[in-house]
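Reading through the structure tokens given below for one structure.
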Amino acid sequence: MNKDQQLAHHILDAVGGIDNVDNIIHCMTRVRLKINNETQVDYPKLKNIEGVLGVIQDERLQIVVGPGTVNEVSAEMVKLSGVQLGEDIPHRSNTSNIKNQAQQNKREFQQKRKQSKMNTILKSIANIFIPLIPAFIGAGLIGGIAAVLNNFITAGTISADWVKQLVAVLNVIKDGMLAYLAIFTGFNAAKVFGATPGLGGVIGGTTLLTGITEDNPIKNVFTGEPLIAGQGGIIGVILAVWLLSIIEKKLHKIVPNAIDIIVTPTISLLIIGLLTIFFFMPIAGFISDGLVGVVNWVIGVGGIFSGFIIGAFFLPLVMLGLHHIFTPIHIELINQSGATYLLPIAAMAGAGQVGAALALWVRCKNNTTLRTAIKGALPVGFLGIGEPLIYGVTLPLGRPFITACLGGGIGGAVIGGIGHIGATAIGPSGISLLPLIAHQKYLGYIIGLLSAYLAGFIFTYFFGTTKEMRNLNKLGD
């Protein structure tokens, strides 16, 4: 049994065993467990397991273990559960326990009452896009490599025909994700809203207006102008699939079982398909145009001030899980402007974390527990994966989290002051974002990164530590 498999067993032991887990999923850094009985979870024990970088209590219990490790840990848990990743785990011990089920239903009802509509919306957005993040990263970096090679070709540094062919091939691979993002979004949105995923994918594909030409366009019913493929972007897709889920569920209730498989999907697609083309695409197009205009105005006019605010407050948004609201905004910015000028500023938040961690490493030489945590979390922090540093280092200590935010604010102010530094895709951050910087503004982005590193280091070195942190061999209070 390797180290990651052992970690999976230790985590399961702390949460009450596999019999106390109803469902297992994961994202880039977190194992997300749906717990049957929260009273059986030993949180102090869970947080002190070597390899656990943080624990977040939410609708699902989220255990931060870091990139790469999360795949191995989740795979071992799934192996022990006997089901596939994401499937509900059957439990022989409680299938007939009506009392436990009633208590669970009561907890879920109370939890739903506590959740605001905004929290529900944010969680839905997160659940739609989190599974797509690896594809965003892979396709984005491949597109970045193609862009760098194309710049060399344009500059005359490279002229070989095979390089031109390679650039074309890399762009085809990149567009396998980005060109059909509406379909992927529709598919995932259907899963989140409880509709048939395939139908959601079809609705997403409808927005691409396949087969429509300039000679025979579909007119916008509100303006009379021709609709443009992808108009309304993913905002329109999400709204349309949400309505699809309502229509499909209603039809399942009223259509006889004998013809349900034929009638329900046909009527659902016909109704929502027409509404998507003639209503959702124009309306969502208006919304997305306004949203993009506002964001570009805030960044363009606010400059240094806007950059500081975004860079400084992005980490608290990540901590609260509210940062996912920016995902559709990034995508709309890329669709309309060719780049998102918001992402490089937000990326400075992670750079401030890196600077803070380096300062803690230097200042807290006697705190081997803290230095061990930094050693494990810092390398991926440079690459833009900040959760291990947030939940494993700065947030438990308190004060360094604040100084890291200030460092991110300085980096954001620098990016905002330079201006027009955008990214052509989303997903990566930190150094990993460098190949995706638009219009060859690499130097400006590097200056911003270095500024955030330095500011995070200075703020934390002078104001972010206490005597206890420096001398005691522990992490947090």
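Just so you know, glycine gets a Cβ as well, placed from its N, Cα and C.
As written in Swiss-Prot, here are the features:
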ACT_SITE  CYS27  active site, phosphocysteine intermediate
COMPBIAS  92-104  compositional bias 'Polar residues'
DOMAIN    5-87  domain 'PTS EIIB type-1'
DOMAIN    123-477  domain 'PTS EIIC type-1'
REGION    91-113  region 'Disordered'
TRANSMEM  128-148  transmembrane segment
TRANSMEM  167-187  transmembrane segment
TRANSMEM  192-212  transmembrane segment
TRANSMEM  227-247  transmembrane segment
TRANSMEM  267-287  transmembrane segment
TRANSMEM  298-318  transmembrane segment
TRANSMEM  342-362  transmembrane segment
TRANSMEM  377-397  transmembrane segment
TRANSMEM  401-421  transmembrane segment
TRANSMEM  443-463  transmembrane segment
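Within the chain carrying the transmembrane segment (443-463), a Cβ under 8 angstroms from the stretch's Cβ atoms is held by residues 311, 344, 347-349, 351-356, 358-360, 362-363, 399-400, 403-404, 406-412, 414-415, 418, 421, 430-431, 433-434, 437, all 6 or more beyond its ends. Of the two recorded stretches, the transmembrane segment (401-421) does not lie close to the transmembrane segment (167-187), with fewer than three CB pairs under 8 Å once pairs fewer than 6 apart in sequence are set aside.
Listed as Cβ neighbours of the transmembrane segment (128-148) (distance under 8 Å, sequence separation of 6 or more from its ends, same chain) are residues 27-28, 167, 170-171, 173-178, 181, 184-185, 188-189, 192, 238, 324, 327-328, 424-428, 432, 434-436. In the predicted model, residues of the domain 'PTS EIIC type-1' (123-477) average a pLDDT of 89.
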